[in-house]
Amino acid sequence: MKIKKLKKRSKILVKAKVIAEQVEMNREEYSKLSIKDLKIRTDYLINGIKENKFDIDDIVVDAFSIAREIIFRVYGMLAYPVQMMGAYVAHCGDFAEMYTGEGKTVTIMLVSFLNALAKRGVHVVTVNEYLVQRDAEIAAKAFEPLGITVGYNTSQLAKEVKKEMFARDITYTTNSELGFDYLRDNMVRSISEKVIRELFFVIIDEGDSVLIDEARTPLIISGMPKEDYSLYLDVDKIVSSLKPEDYFIDLESNTISLTDTGTQKVESFFNLKNLYSVESSEIVHKVTNALVAHYVFANGREYIVKDNKIYLVDQFTGRVLEGRSYNAGLQQAIQAKERVQIEPENVVMATITYQSFFRLYKRLSAFSGTAMTESEEFLKIYNMVVVRIPTNKPIIRIDKPDYIFGTKEVKWNHVIEEIVRRHKTGQPILVGTSSVSDSELIHQRLKEMKIPHEVLNARDNSKEAEIVKRGGQLGAITISTNMAGRGTDIKVAPECLKLGGLYVIGTERHESRRIDNQLRGRTGRQGDPGESRFFTSLEDSIFKRFASDRYEKAAQKLENEFHDWTFFTSFLNRTQKKIEGLNFDVRKNLMDYDHVLSLQRELVYKQRDQILLETKNLGILSNMAKEYATDLVYQNKNVDNSAIIDHIKLCELINSKFLKFEYFKPEDFEGLVLNDARDVLVNIFNTIVETKANILKEINALNVIGEILLVNLDQKWTTHIDKMTKLREGVNLRSLEQRSPLNIYIEDGNNLFEKMKSDVVRDVINGICDLNLPNESNEITEALQKNNVKDISKKKWLNSQPKKTIWI
């Protein structure tokens with residue numbers, strides 16, 4: 001992805017306004033057209049792009065005019081100018097910040113219709129499968145009369161159905177299912193099994209959640225277990241018995257390590273002389289994971305236990321991360337801690353981060369109501385400019401100053417009092433919490449008081465959309481984790497507008513200002529009245545991690561009083577900016593490391609695709625033959641004269657290992673310099689491969705060659721991923737080398753990749769030679785004689801190598 005120059009947001013907005021005005025000018029003309037006429041114009045645009053008469057950027061106004069009109073005909077909603085502006089920003093491959101309730105669903109329909117005209121597939125990513133199906137049905141009803149097909153992709157669909165859905169012009173999907181489909185597509189044994197046709201244009205709704213909040217947790221497809229899990233129980237036993245003085249937690253960086261006393265206890269438990277010796281690296285790794293599981297992570301915050309299983313919870317949205325698990329043994333450490341069934345650590349067969357995946361698209365765009373605070377990150381990592389789209393109506397929501405309390409207990413008491421007081425008026429209330437446990441604490445208090453309410457958290461989000469929809473009704477109380485029903489509008493009942501609209505209570509400031517803004521943004525949609533306030537205490541995690549002792553003294557003085565002190569508020573704002581910077585550095589560091597594996601992954605997947613096409617497999621094998629021949633020649637140099645080959649060893653190797661019959665004599669290779677010996681080997685390999693390929697073709701089994709290539713490439717790639725994971729984990733321990741860990745990782749990672757390639761070459765060539773086919777010895781003998789392999793001077797084979805064929 002090329003880095004674009006930082007465009008001035010005002011210039012983008014000016015262009016977007018011009019587009020919206022031009023579409024508005026077309027309104028009268030398009031309102032007179034029949035649906036049949038609209039389809040004729042749609043077909044004209046499709047054919048024009050197909051025949052290269054014009055570029056998609058040339059037809060923005062025409063496409064928006066058609067889409068706007070058909071949406072109005074079907075749903076009676078005429079897109080506002082601000083929606084057309086947002087659609088244009090997204091079309092440019094940028095990030096449109098549109099506040100809640102400004103109509104992102106329709107905006108996304110406009111830009112997806114425009115890019116669907118290219119007939120290369122538009123992917124619309126949204127937050128859950130309910131919205132995937134809902135939004136796909138809305139778009140289909142409008143666009144399919146114009147010949148633009150719409151589909152949706154969910155985890156329950158069979159592969160054949162998925163393929164048909166991705167073949168449509170617009171496909172709605174969740175980010176996780178899309179990413180997993182991409183990984184699965186690059187594990188297939190036949191090109192026809194792939195479901196995604198192309199990574200052309202993607203629109204990500206709630207893009208900040210996907211591209212930032214979930215960027216640190218990779219998608220992983222695992223294979224068979226690689227080890228016994230019994231050691232996890234032993235490690236958990238000793239770690240769970242440690243006292244606070246046995247470990248040190250750095251609250252600011254949220255990391256943990258053993259103290260000297262903790263190290264001594266672990267060494268004693270496992271009868272080790274030195275815990276940090278190379279021989280003990282596996283125990284160190286598991287102890288570190290167990291420390292995190294016990295003393296950094298908490299049930300109801302980073303994960304939940306449900307149906308005797310561990311489910312990850314997105315810290316920023318509160319949603320369960322379906323199909324995701326911690327890697328490198330951390331998942332097993334949590335399972336041991338919670339006494340649920342421990343699943344052996346699996347081999348990672350395929351993995352990718354959202355950072356790497358979405359950068360594969362030819363054009364990436366996104367929407368969210370809260371993106372401006374991370375605008376620098378979106379530009380540096382995703383090459384997207386964040387553009388704030390004006391609201392259709394002025395925002396009149398009132399964001400009141402924080403209430404600050406000395407302790408959590410006092411804070412919770414005041415939160416409950418505030419809920420009860422507002423509930424008596426009938427005003428709808430949304431209470432946002434930072435964890436599942438906090439939402440359940442409020443739930444229990446209200447339940448005891450017999451106050452009706454709804455709870456929306458990671459333990460049960462099956463009715464999320466319905467709960468959120470009812471959140472604006474008279475007397476409604478909704479308790480929600482940070483997700484606060486993103487993707488579904490809370491429509492406030494008309495009678496509640498007179499009561500001040502939806503009242504949002506935040507029960508703790510989040511690490512990110514953006515998450516706080518998301519909660520505030522749930523109220524005051526489309527110019528409605530609304531109000532928000534945060535209730536915080538000096539015992540909240542943000543104060544614990546970053547505040548000094550003076551805040552502890554202040555907490556004692558506050559006692560039961562609450563304050564809206566600007567002193568504390570300014571500290572919170574400064575701290576949030578600091579944490580955002582730290583988190584950005586972590587994600588940037590992750591991307592730097594992931595970029596190494598990402599480049600390797602792209603090469604391997606490109607090679608897989610070429611193998612699956614089968615048309616160039618002999619050319620791939622020929623290039624492999626050159627590499628393998630070079631390696632073998634240098635392994636079989638003459639001991640007394642390194643410039644020539646050890647002709648006896650080479651002859652024995654060729655006859656016994658590759659030909660499987662006696663054909664050459666040692667004197668055939670006597671005195672050969674290394675380059676000539678390599679050329680002879682290449683010719684022998686090519687002769688064997690081509691002869692066996694002809695035999696396989698005669699018996700309709702030519703696909704065997706592709707199978708040998710794929711099996712070996714996939715096996716070695718899986719092993720390589722595991723090695724790269726271990727390299728990544730251990731690289732920070734190599735501080736004595738006086739080089740940056742990243743540079744060490746890059747160098748060693750590239751060396752591992754070269755070793756993987758050599759291993760694939762060796763095993764593929766050996767695998768082909770090991771095939772036992774009918775009458776192969778006679779046919780290979782004839783081919784060797786025909787190619788004059790023993791006549792080194794002719795070297796006719798050197799000019800007949802297949803061209804334009806890759807081997808990674």
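Using N, Cα and C of the backbone, Cβ positions are placed for all residues, glycine too.
Residues or ranges marked as ATP binding site in TrEMBL: GLN83, GLY101, GLU102, GLY103, LYS104, THR105, ASP489. Look at TrEMBL and you will find 1-567 tagged as domain 'SecA family profile'. As annotated by TrEMBL, domain 'Helicase ATP-binding' applies to 85-242. Look at TrEMBL and you will find 411-566 tagged as domain 'Helicase C-terminal'.
Long-range C-beta contacts of THR105 (ATP binding site), restricted to its own chain and to partners at least six residues apart, with a cutoff below 8 Å, comprise ASP135, ILE138. GLU102 (ATP binding site) falls within neither a helix nor a strand when secondary structure is assigned with DSSP, and so counts as coil.
Around the Cβ of LYS104 (ATP binding site), a 10 Å sphere holds 27 further Cβ atoms from the protein chains shown.
For the ATP site listed in the record, the two most distant Cα atoms among GLN83, GLY101, GLU102, GLY103, LYS104, THR105, ASP489 lie 16 Å apart.
For the binding-site residues shown (GLY101, GLY103), fewest C-beta neighbours within 10 angstroms: GLY103. Neighbouring residues of the recorded ATP site, listed in sequence order and excluding GLN83, GLY101, GLU102, GLY103, LYS104, THR105, ASP489, comprise MET98, THR100, VAL106, THR107 (Cβ within 8 Å of the Cβ centroid). Note on ASP489 (ATP binding site): other Cβ atoms within 10 Å of its Cβ, all shown chains, come to 20. Non-local contacts of GLN83 (ATP binding site) by the CB criterion (under 8 A, 6+ apart in sequence, same chain) comprise GLU102, GLY103, VAL106, THR107, LEU110, ASN392. The average pLDDT computed for the domain 'SecA family profile' (1-567) is 89.
Around GLU102 (ATP binding site), taking its Cβ as the centre, 24 other Cβ atoms fall within 10 Å, counting all chains. The secondary structure of ASP489 (ATP binding site), as reduced to three states from DSSP, is coil rather than helix or strand.
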